[in-house]
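A.B. asks: I have a structure here, written as C-alpha cells, and I will follow up with some questions on it.
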Amino acid sequence: MVQGIANWNTEETEEWLQQYVDDWVAFYRKHTNDGEVASYIPELQKANPDALGIVIKGNNGITIRSGDTEDPFTLQSISKAITFAVACMERGVSYMLQQVDVEPTGEAFNSIMHLEMKQVKKPLNPFNNAGAITVTSALPGDTSDDKLEPVLKLLEDMLGNRPELNADVFKSERDSSTRNRAIGYYLLEVGFLESDLDITLETYFKQCSIDVTIDDLARIGMILANDGMDPKNGEEIIPRQIARITKVLMLTCGMYDASGKFATYVGIPAKSGVSGGILAAVPPRVRDESMPFTDGCGIGVYGPALGEEGNSVAGIRLLRHIATQWDLSIF
Ligand code: DON
C-alpha cells in the first residue's frame, strides 16, 4: 500500500479505493462456486448463487460500493445482534445477561447439544438459535408485532427508514421450522422462555425476515463501530455499553463455528446470516497514514452461496482480503 497519504477523503483516493474493491469483488465472485445457497428455507433458495457485493461506509465520509449492491435480502441471523441490543435496551444489560450467557459454543447455529450435555442454566450465547429465541422471548409485548416494534424502531433510527418484512420468507421459514420448534419446546421445558412459545417463534421468524440491503448493513456496522453513536450527528442510538457487548459477541460468536478462524484471519466483529449477508464493524484504530479507514467503518457484504458453517463463502474471503490489505483487524 502506498505510503504517506495524509488525506484519504478526496475524490482521487476514493476513486482509487473503488478500483481496488471492484477488482477484488470480480476476483472473489468466482469463489461463490465453492458454496451453496441455503435450501432448508425454500424461499431462500431463489437467491442468485453468483451474487457478491460489498458496501464500506467510512467514518470519514468515504463510501465504496461494489458488485451486487442492490439485491435486497433478509436479515436472518444478523437480526440476533439487533434483537440482543434491543432486549438490553428494553430490559437492561444485567437482566439480559442473567437470561443468556456470553460464551461461544463452537457448534452449528441450530445445535442444542450443549444445552442438554452441559445442563446449562441459560443458553450459552444470544447468537445461536437457542439463545436468540430466549432473547426474543424477553422482548416486551404480548403479540409478535408488539415484540417486533422496538426492533423495527431501532432499525429505523439507524437507517432513517423503517425496513419491511418479507412475507414470503416469513411464511417459508414458519412452514419449515421443525428444528426451531424443537429448540423452542426444549427451551420451554427447561423454563428459559419468558413468553408464549408460539408468539416467541413467530417473532423470531419475523425478525429473520426483515428485508435489508448491504447499504443498510454498512450503516449499522458504522454505528456499532462508533460504540452506538451516529457519526453523522453525534447522536447516541445504542448505549455505549450495549454496543460494545454486541461487538464482543459478534467477534466471539458471530460466525458460529467459524468464529475463531474469522477472528484470526479477518479480526473484525461480524455477524452472518444464512441469506448470505455479513454485518461488520471496524472500530477506529491507531492512525497509520498509509492505510484507509483508520477512523473506522461499517461493512455490509452479500453473497448467498454459503460454506459449511452457514456463512457467505466468497464474502468471508473478500473480507479477509480487504482486512489484510487495509490492516482492518482490531488485534
Ligand atoms: O433460525 C434459522 O434457521 C434462520 N432463520 C436463521 C439462521 C441463520 O441465519 C444462521 N446463520 N448463519
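Numbering starts at 1 and runs along the chain as displayed.
Glycine is no exception: its Cβ is also placed from the backbone N, Cα and C atoms.
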A.B. asks: Based on TrEMBL, name the residue from TYR95, TYR256, TYR265 that is recorded for the same substrate site as SER77, ASN129, GLU173, ASN180, TYR204, VAL274.
C.D. replies: TYR256
A.B. asks: May I ask which of the binding-site residues ASN129, TYR204, VAL274 have a CB within less than 6 Å of any atom of ligand 1, listed in sequence order?
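C.D. replies: Once distances to ligand 1 are taken from each Cβ, ASN129, VAL274 fall under 6 Å.
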A.B. asks: By a simple count of other Cβ atoms within 10 Å, which of SER77, TYR204, the binding-site residues in the record, is least packed?
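C.D. replies: Looking at the binding-site residues SER77, TYR204, the Cβ with the fewest others within 10 Å is that of SER77.
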A.B. asks: Across the listed substrate-binding residues, SER77, ASN129, GLU173, ASN180, TYR204, TYR256, VAL274, what is the farthest Cα to Cα distance, given in whole Å?
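C.D. replies: In whole numbers, the farthest two Cα atoms are 20 Å apart.
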A.B. asks: Go through ASN180, VAL274, the listed binding-site residues, and name the one with the sparsest Cβ surroundings, counting other Cβ atoms within 10 Å.
C.D. replies: ASN180
A.B. asks: What's the number of neighbouring CB atoms sitting within 10 A of the CB on ASN129 (substrate binding site)?
C.D. replies: 21
